[in-house]
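The compositional bias 'Basic and acidic residues' annotation in TrEMBL covers 17-27. Residues or ranges marked as region 'Disordered' by TrEMBL: 1-37. Residues or ranges marked as transmembrane segment by TrEMBL: 46-66, 72-93, 105-124, 130-149, 156-175, 203-222, 252-272, 284-314, 326-348.
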Amino acid sequence: MSQTAATEAPPAGALPAHDDVRDDAREGTGGTDAAPAARPVRKPRLFARNAVSFVVLWALMIAVPFVAPNFYVVSLVNLFLIYVILIASLNLVIGFCGQISLGHAGFFGLGAYASGILSAKFGLTPWLGLPAAALAGGLGAFVIGLPALRLHGHYLAMATLGFNAILVVLFNELIPLTGGPNGLLGIEPFALGPIALDTDETVFWLVWIVSLVVMIAIANLVDSRMGRSLRAIGGSERGAASLGIDTYRTKLATFAIAGAMAGIAGSLYAHVNLYVSPETFSVFPSIMLLVMVALGGTGRLWGPIFGAAVFIAVPQVLLDFADLELLLFGLAMLIVLIGFPAGIAGLADGWRRWLK
């Protein structure tokens, strides 16, 4: 008998339904008695729609280096795109797969330090540091995921939090490699032959391309067979297992992929800023990343874009209230999360349906 992904509402306590992907989660996941030729062909509607939308948005951002009033605005856009990658990778784990991770800043740090150390200590080109950072982040996620992903709920959250805390200690103590609390200096910028990408305007194009490729890759992953499996796990892990999905391997693969993407973001961060320090990758940033996922819209492909925009823009708006910045920022987050539990992307979806 053929099996199909469940379409009823998830049980209480499960993550919110993914409205932007639910319509495409209907391909069989088990065995079938029908001939292979009789299986319906799934139209790649979800991937095509989101990929085109991402390309359009990123195309609009091409104007940034030309219309920005100063280099500081361009630097903020660069940081925004790096955090889009980082938050989108965490959204894969939390939003789609339903696994709570409080150690994502650690994978970000592994990528940043791996790429930075290869450049500053060994004189290697950042173009080698970029894949090395992806390997470091992915391998770190795989290693911690092997035991941690057998846990659930707050036990998993605490395990990943502990891993992040251990990494911060290592970043501080391995002074010959990491520079310790003072940070790692001497990181070289990316370069194209004799042209160094050492200004915000020139490095923008690299960050622009990499972030677009990552977002399209995530859209493709979510619309793939593996993507439907991880969304099934996010809805109900027991239900997914009953459909024959290997939940542990799917979670581990998702965790490793997300870690590799976080590592890529870390490499970009290191070679854009030419400096990294342990506090950037501590436990508090991991918690803030979790908040940004929820704020943007858990389990929504556009959520990380909204989350990263808030993460970068709100502190700039509150510059005149430096003493109250953290309080006002937290209050604003609380209001949005309580008033709009589906996040900003969910609110945007609601407006779109209302306009139709």
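Just so it is clear, glycine is given a Cβ too, placed from its N, Cα and C backbone atoms.
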Using a threshold of three or more Cβ pairs below 8 Å, and leaving out pairs closer than 6 in sequence, do the transmembrane segment (203-222) and the transmembrane segment (252-272) count as in contact? yes
Counting only pairs at least 6 apart in sequence, do the transmembrane segment (105-124) and the transmembrane segment (203-222) share 3+ Cβ pairs under 8 Å? no
Under 8 angstroms for C-beta pairs, at least 3 of them, ignoring pairs fewer than 6 apart in sequence. Is the transmembrane segment (203-222) in contact with the transmembrane segment (72-93) by that rule? yes
So what's near the transmembrane segment (72-93) in sequence-distant terms, Cβ-Cβ under 8 Å and 6+ beyond its ends? 61, 64-65, 99, 101, 104, 108, 200-201, 203-204, 207-208, 210-211, 214-215, 218, 221-222, 230, 254-255, 257-259, 261-262, 264-265, 268-269, 272, 289-290, 292-293, 296, 298-300, 303-305, 307-309, 311-312, 316
